[in-house]
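Enquirer: I'd like to ask you about the structure that follows.
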Amino acid sequence: MSSNITWPGIHFNQTYIDFKYDWNHFSTYIAVVPWFYIIPSFFIMCKIFKTFFKFSKKGSSHKIDRHVLLIISLSQLTCFALFVFDYFMTRFPSSGIITAWCATITPNHWLKMIVFLTLYFTYLAMAIPFLMPVVRLFIVLFPSNHNEINAKLVNIGVPLFLVYPICFTFYFIPALGICKQASFPYPFGSVTIYYTQSAFGLRNGYFHLYNIVFWMSASVAANVILFCKVVKAKSKLVNKSKSSYKAELSMTITTLSMIASYAINGIFLILYISFAGTHDYVSYAEIVRPFGNDLQTCVTTWLFYLTHPVFKKPSTDMEAMFSTSSQKRTTKRTTV
């Protein structure tokens, strides 16, 4: 390569080309630890998907609302994809295992795609959970025809949400991916995947923050409305089901864990935007940030799986599960 070219990041820096990987460092441990909880969580996700497909085949005669389970399944699939790409953007390269190789290549679009897909699934993971309280709200408001309404909502909403992240990542089209030295307290040789030459010099920080605020506010508002409607609906029930109560509690806990992930990511992002490079505590927080993302991936998955009665042994009260409803007011059960 020509010596008069200034390359961004660590590219063609001889010091990094000569770097020797040392596995015995905290950055390697940080890269290894997540797999101890992600792999079991992945198997739980597979069980949730299996349950969804099982009840989808059975049809509506079993009165199991498939749309709630579909939204949860899509949300967890999105979170798992986010974990994978975020892992290869931050935790894996920060171990130092690819540093020497990365220093010998030019900035390219393949590295850029890692960052792009990380941000794409970040925005998607924020949007899809919003559908869950909306779907549950329609179950309460329209007990006799909520299946048709929610089917239209899902058929329109999910494709729109798949496109929506492009609105906040379009500036990646001309960008190139680079490897750059990770900030303190990571040691020399720990790198992260980043980008340069984005369209109009745009950066992700404020786009990300505004989306967190919007989706968290929208989710909280939808859940407050849902809670009020559920309390009102329960006061009119004649027969109250234990399984119905457990399913409702499970949905509430799952939703709250999703909202908590908004708040955690928002706090990390505000700290990064405000104090990055100026305070050691923020640098340490950047190490913890990916584990905050894992909250929605793992904790939400396990909470839903361990608390919802549909994953327990079959009982005689199956119709109460997954937001069921009867057309007769005197026997209607509403589990949202």
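Including glycine, each Cβ sits where the backbone N, Cα and C put it.
According to TrEMBL, the protein carries these features:
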{"type": "TRANSMEM", "residues": "26-46", "note": "transmembrane segment"}
{"type": "TRANSMEM", "residues": "67-85", "note": "transmembrane segment"}
{"type": "TRANSMEM", "residues": "120-141", "note": "transmembrane segment"}
{"type": "TRANSMEM", "residues": "153-173", "note": "transmembrane segment"}
{"type": "TRANSMEM", "residues": "212-231", "note": "transmembrane segment"}
{"type": "TRANSMEM", "residues": "252-275", "note": "transmembrane segment"}
Enquirer: Ranking 26-46, 67-85, 153-173, 252-275 by the number of C-beta pairs under 8 Å to the transmembrane segment (212-231), which range is first?
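Expert: Checked against 26-46, 67-85, 153-173, 252-275; highest Cβ contact count belongs to 252-275.
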Enquirer: Give me the stretch from 26-46, 120-141, 153-173, 252-275 with the greatest number of Cβ pairs under 8 Å to the transmembrane segment (67-85).
Expert: 120-141
Enquirer: Look over the recorded stretches 26-46, 120-141, 153-173 and say which has the most C-beta pairs under 8 A to the transmembrane segment (252-275).
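Expert: By Cβ pairs under 8 Å, 120-141 leads among 26-46, 120-141, 153-173.
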Enquirer: Looking only at residues six or more beyond either end of the transmembrane segment (120-141), which have a C-beta under 8 A from one in the stretch?
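Expert: 65, 67-68, 71-72, 74-75, 78-79, 81-82, 85-86, 149-150, 153-154, 157-158, 161-162, 164-166, 168-169, 208, 211-212, 215, 218-219, 222-223, 225-226, 229-230, 233, 251, 254-255, 258, 262, 296, 323, 325, 334, 336.
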Enquirer: Same chain only, please: residues at least 6 beyond the ends of the transmembrane segment (26-46) with a C-beta under 8 Å from a C-beta of the stretch. Say none if there are none.
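Expert: Same-chain residues near the transmembrane segment (26-46) but 6 or more away: 73, 76-77, 80, 83, 87, 91-92, 94-97, 182, 186-187, 190, 287, 290-291, 294, 297-298, 301-302, 305.
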